[in-house]
Amino acid sequence: MHPLQRVFRAQRLSAPLTSMCWVLLRTFRAHNSTSCPDPEGKSSEGVQKDFSSRLATGPTFQHFLRSASVPQEKPSSPEVEDPPPYLSGDELLGRQRKVYLETYGCQMNVNDTEIAWSILQKSGYLRTSNLQEADVILLVTCSIREKAEQTIWNRLHQLKVLKAKRPRSRVPLRIGILGCMAERLKGEILNREKMVDLLAGPDAYRDLPRLLAVVESGQQAANVLLSLDETYADIMPVQTSPSATSAFVSIMRGCDNMCSYCIVPFTRGRERSRPVASILDEVRKLSEQGLKEVTLLGQNVNSFRDNSEVQFSSTGSANLSRGFTTNYKPKQGGLRFSHLLDQVSRIDPEMRIRFTSPHPKDFPDEVLQLIRERHNICKQIHLPAQSGSSRVLEAMRRGYSREAYVALVHHIREAIPGVGLSSDFITGFCGETEDDHLQTVSLLREVQYNTGFLFAYSMRQKTRAYHRLKDDVPEEVKLRRLEELITVFREEASKVNATSVGCTQLVLVEGFSKRSTTDLCGRNDANLKVIFPDAEVEDITDPGLKVRAQPGDYVLVKIISASSQTLKGHILCRTTMKDSSMNCLT
């Protein structure tokens, strides 16, 4: 089954017929008067006439509807798919054109970039890090806040100049928008920026070779339909940084939480999990490549539930944290996150495991027990609070009160002594009063996070807040409150990080410090940056051998100073996770 058949099947289930018509027209009708010379020398008119001829004899609209109504198996890999009837196999090939990828936003977008590149690489495209030599520029975008989108609009204005200066002797420069912004602003992008050739939503990356082939005929092309089952489970992401020591492994996509402020369910679709077997296979391959850290990734990572294996389809139920509720009917059965975390941690004892981003409602004791017991699961938890006011949390539809959140924090710290905590906060949400703000300030002081991500509220269309609430906190008040939260966070983080001074910590070396070529930089268990001098030290596995630590090495570092974001220390020796876990680090 080729990509369009899957696309229309998903559309039949999730959107009105008019949207389907729009995408079909957007994909196949000419919207761009720019000529597109064929690399073999055919005229623009000849290419378009040939394309139109084959399109006329290709599938009809009714053909797509019939195909969409018949359940079909997804192919095991994108290579086995037949080309659409209106395109030849050769037209789906990249012909060694060079692709430049720019990534904005969250770590999911970093992983999406690796998935998109894996697909394009198999179609014959080449990767370039030089913007000037690119034939195709793809921006992997974010829509979580207005500022993120404005960054992309500004970037498009810069690329418009580059496209206009393109020498006629070269193939036309193609520009595409991928990811959440393509999903949210599809119509506006195509109408406002005629220089954008291609749009692909988060669930349409398999379709990139076809979309680029359509673009080569001189048209704009778009596929922004969300899927109910796409997880890219069969695609091995290509690491964009060959020297990296860590990698992100996407275990699920989409989100069902429907928090009132959040655009994610509308840009990334419903929650669906990858089969456990495919995740374990990817982690094994990363281990074989020598990577030393894997972060399991998802919008709501700890609500993972794999129902792909029949024998687990009717067992188990939702196990929410005490005092927490959901905005949706929890799925039943399947292999849960605790099972996945257990299996991943067994693959390579020398590979550190992290996960993000979780929801506080999904922290059963079996997950906490695994974190406590397994030496290679980092003792660090991201616990997004968003606000310290129960009234604001209710308006946000977070499913918990301040009291329930604080109780969970205490429970986690009892279960995992010394655990590092990080969190997200939004200030200036609809209806937030000064008292609500002060309650958030007090929560920051009470919990004392190691790391924090704090933002002023930015209303997003389609969200529940957009339709039912009023963005009534003035911008200057939002910014003032944000500055206050940042100040308090730094004060408290400095205090909690100062307790590490005098301790010896296991650090995974990432490379040289950005500020000094004589210092190395790495991260500890709590995911804090640790800076230490590049010096010869003993290798604990080979006494007497003097070595210099390299990226991917584990070293013991004695902490001598701390700030709100960074620890500094002296390197003691090179070690392994196993050896360090057998010794008490103090």
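Backbone N, Cα and C atoms are what each Cβ position is placed from, and that goes for glycine too.
Keep in mind that this is a model prediction, so the values were computed, not measured.
Here Swiss-Prot flags C106, C142, C180 as [4Fe-4S] cluster 1 binding site. DSSP assigns C142 ([4Fe-4S] cluster 1 binding site) to coil in the three-state reduction, placing it in neither a helix nor a strand.
All protein chains shown were included, and the count of other CB atoms within 10 Å of the CB of C259 ([4Fe-4S] cluster 2 binding site) stands at 22. The feature [4Fe-4S] cluster 2 binding site is assigned by Swiss-Prot to C255, C259, C262.
Mean pLDDT across the domain 'Radical SAM core' (241-495) comes to 93 in this model. Per Swiss-Prot, domain 'Radical SAM core' is recorded for 241-495.
For 498-573, the entry in Swiss-Prot reads domain 'TRAM'.
Annotated region 'Disordered' per Swiss-Prot: 68-90, in sequence order.
Feature annotation from Swiss-Prot assigns transit peptide to 1-30.
Listed binding-site residues: C106, C142, C180, C255, C262; maximum Cβ neighbour count within 10 Å falls on C180. A distance of 12 Å separates the Cα atom of C180 ([4Fe-4S] cluster 1 binding site) from that of C262 ([4Fe-4S] cluster 2 binding site).
Taken residue by residue with DSSP, C259 ([4Fe-4S] cluster 2 binding site) is part of neither helix nor strand, so it is coil. Of the recorded residues, C259 ([4Fe-4S] cluster 2 binding site) and C142 ([4Fe-4S] cluster 1 binding site) place their C-alpha atoms 18 Å from one another.
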